[in-house]
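> Sequence annotations record features per position, and here TrEMBL assigns disulfide bond to Cys266-Cys293, Cys557-Cys584. The annotation domain 'EGF-like' is assigned in TrEMBL to 63-103, 104-143, 185-221, 686-726. Taken from TrEMBL, the feature domain 'CUB' covers 266-392, 557-682.
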Amino acid sequence: GSRVVRPSSRVGVRVHYITIPSPAYNCSYDNGGCDHICNDSSGIIECQCQHGYDLIRGSSCIDRNECESGSHSCDQVCTNTEGSYTCSCHRGLELGSDGETCIDINECSVENGGCDHECINRDGSFECRCRSGYQLTNERECIDIDECLEDTHSCDQVCTNTEGSYTCYCRSGFEFGSDGESCIDINECLVDNGSCDHECLNQVGSFECRCRNGYRLANGGECVDMNECSEGTHNCDGDCTNTDGSYTCSCNDGLLLQPDGHSCRCGGLLTAASGSFHTEGWPRAYRPGNFQCEWIIQLPNNDATVQFTMNHTAFGINGNPSASCPTDYIQFFDGTSSNSNSLEKICGVHSHYGGTLPVISTTSSSARVVFTGSNLRRPLSRVGVKVDYVSIVPIVYNCSVENGGCHHICVSRSEGVECQCRDGYGLIGRSTCSDRNECESGSHGCDQVCTNAEGSYTCSCHSGLELGSDGESCIDINECSVENGGCNYECVNQEGSFECRCRDGYRVSNGRECIEIDECSEGTHNCDSDCTNTDGSYTCSCNNGLLLQPDGHSCRCGGILTAASGSFQTDGWPTSYRQENFQCEWIIQLPNSDATIQFNIDQSAFGTLGKPPCNKDYIQFFDGTDSGAASLKKICGLLKFYGGAIPSINTTSSTTRVVFTGTRFQQRPLSRVGVKVDYVTIPPPDVDECALGTHNCEQLCENTPGSFICSCRNGYSLSSDDRTCNDIDECLGNSHGCDQVCTNTNGSYACSCVDRFTLQSDMQTCISDPTPPPELSTTHPKVVTPSTSVTNISPSGTETITPTTQSVSEIKSTLTELLVTETTVTATSPLLAGTPTPLLPKTPTNISLAPTVLSKPAPTSTELLVTKTTVTASSPLLAGTPTPLLPKTPTNISL
């Protein structure tokens, strides 16, 4: 309409409508014109659409796109379908039972999600993680981290990689600190003083045994006394006496020990009945310089006199007998006072001047002897003087009286007595016996150490030796003969000592114990590559593609590789290959003879000759292992220097030969010199044996990658050879569903029914035929319903029956039913008695009847129909006329 121009009393339009029903057009005709649902219950046709559709133009139905309109209830992905929609979920989730909600798939619940170690489920996904000490590769596999190689360990000294971790070790002489990784020095001296006899001195990683002065170290920790006297390391002027750890000095008669403990100076008081004294240093030269010695002799017997004898004199140049000799003389006085008479003054060398050495005697029991020295100008063999003195007792000697005055032995002579001394003593004067110092005079027989004793001497030996049976000779002590000398392994006896030794791969500790040397951790091995410590030794091994040489430690390139994948490299890679002419040859033989090989070269960098056409410093791949195999590729030089790329190389067979020929690399330093090659197996393409008919399956064949699987149709089972199929006899088990009779067929079975039953459409169920029963005979059978067993029936047919007998008197005109319940019969007679008597087998027969319904007697005979009964018999089940025929062979019949 448009606007009203002017007013009017009636403006617009009014329309009336009425419905004119059409008796020929309703829902019964062409569905009322509706696409889906027609409703005319109210007299008007109303079109409706099924769920998922929208009504347009009153009768048409079009699909409703719930996904686009948002009227769906999918959790994630909605896909429209005709009249509906379907829900689906993103990867890692699955639909719930309502078909709409998405629930997470726990990939970890099935074989741990394929993860080597830990599988962590996430919403819509999962994650593989590795335990500490491993790193993830290929998103699932965990490989060990070699912390020692990558220097990520925290060991203080020695690191040994283990699976998933590493182990720290400390070198000998160290132990772990409280953190379990740092190595701290072991103070061996804290435990049993380090097995040291005296002083234990700790050192970093070790310790040292030391001995106090006077001892020397033997066998690592033992301190043995040093015999300074026998070894001549003392500084005694006179006699030396060994003591434990030291020695003492003493002086001969007539010499005095000085305060320094080792010097002897002439002079002193002598009170013994006999003795001797000498000038300082005698028989060596007396010391130069002006000095004087004075000896006082006082005999214990005042009635005795002193007699002096001298065996030699040799004084300085002033000691000339013809001169006044103011020095270098010895003078004897008769008494000890300063004004005593001089008995004798002797100077010079008497043998040079024709003089003799007199015997000098006193008149009293005391004397004074003075020696005055100056300077000896020339060497003489015996310099100075030694004086012996004895006590002279004025008595009449008689061996029977006081042993004739003899000290030891008195021998009667015509002119008087003669005194003699026992062995080991020397006669001084007439009667006195003085100990003879065999050790000093050299008249002893000791092999090593002589110790003077009163009237004798004793022999001893240095450490490590012992006296022989003669008491003088020294023989070696074999320390190894007793408990192997305390050595762990080998004890080697030595003269006066012994030595502990260890076999190769061990070292001596504490002088005796053998401890194993870890050559690998200490770096004392000579392996070119990997070192594995063993008990007392070590073994070397080489990386892939390197061969251990006959020397057991060198690794050289080349060898046979039989793994499905692997790698090999030139000798010394990634550092420079050894600088000499050499050739490496690798043979790869895959375990799968149908596969081929693909080579991938990590990096190549060869020597100065290594550029095309390169007759040295190259690597060449052959398609096969024989000498005539075709060359696949020859690579030389540093490819990037010459504009080349490193290609992948594929063989056509499962074997190949790779040859590297080198000369020496000398052009320039490179970070990776030589070549490293990885190889993998390329499996052969799959052959569908099922499609080609090359399988040997009897029935069904299913192709699989690289092979096939045989299976059988329903009704058959696969035999143990995984190829042939055997028929399943369903009738033997309970897998059939037959109501009555089951007959096995090839690959299946068939059900059937007994007489007067009909098999139904399900081909399993049997239903009784609806035929009415015939007229009954007037001669009715007897029904034996025993409550106990029927026994004692002879083969002739004579029966002794104890159960009750019931006659059937009333039988309905249309049906007679006899019920026999819970009956067990063991007999050779008929179950029903009648006329004539049936024949019985001569052999008793066991018949087992379940609760039974007997029905429909025939007009001319007595028959019982037994349902659901298993009978094993060779005699008739029912007696009557005529007698039924049975098979001669016992038969299992399922009814």
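Using N, Cα and C of the backbone, Cβ positions are placed for all residues, glycine too.
Any TrEMBL annotation is an automated prediction that lacks curation.
Worth saying up front: this structure is predicted, and the values here are computed from it rather than measured.
Could you give the neighbours, burial and distances for every feature on this list?
Mapped onto three states, the DSSP output places Cys293 (disulfide bond) in strand.
DSSP gives Cys584 (disulfide bond) a strand state. Just so you know, the Cβ of Cys584 (disulfide bond) picks up 24 other Cβ atoms within 10 Å once every protein chain is counted.
According to DSSP, the domain 'EGF-like' (63-103) comprises 4 helix, 16 strand, 21 coil.
Here the domain 'EGF-like' (104-143) has Cβ contacts under 8 Å with residues 90-94, 163-166 of the same chain, all six or more residues outside its ends.
When averaged over the domain 'EGF-like' (185-221), pLDDT in the model lands at 91.
Cβ atoms under 8 Å from those of the domain 'EGF-like' (686-726) belong to residues 747-748 of the same chain, restricted to positions at least 6 beyond its ends.
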> In sequence order, what residues of the same chain, 6+ apart, have a Cβ less than 8 Å from the Cβ of Cys293 (disulfide bond)?
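Arg265, Cys266, Gly267, Thr279, Glu280, Val370, Phe371, Gly373 - these are the non-local Cβ neighbours of Cys293 (disulfide bond), listed in sequence order.
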> Please give me the CB contact count at 10 A for Cys266 (disulfide bond), counting all chains in the structure.
25
> Could you tell me what the rest of the chain brings near the domain 'EGF-like' (63-103), counting residues at least six beyond its ends with Cβ under 8 Å?
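For the domain 'EGF-like' (63-103), the sequence-distant neighbours (Cβ-Cβ under 8 Å, at least 6 residues beyond its ends) are 50-54, 122-126.
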> Where does Cys557 (disulfide bond) sit in DSSP terms: helix, strand, or coil?
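It is in a strand.
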> Per DSSP, what is the helix/strand/coil residue tally across the domain 'EGF-like' (686-726)?
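Helix/strand/coil tally for the domain 'EGF-like' (686-726): 4 helix, 15 strand, 22 coil.
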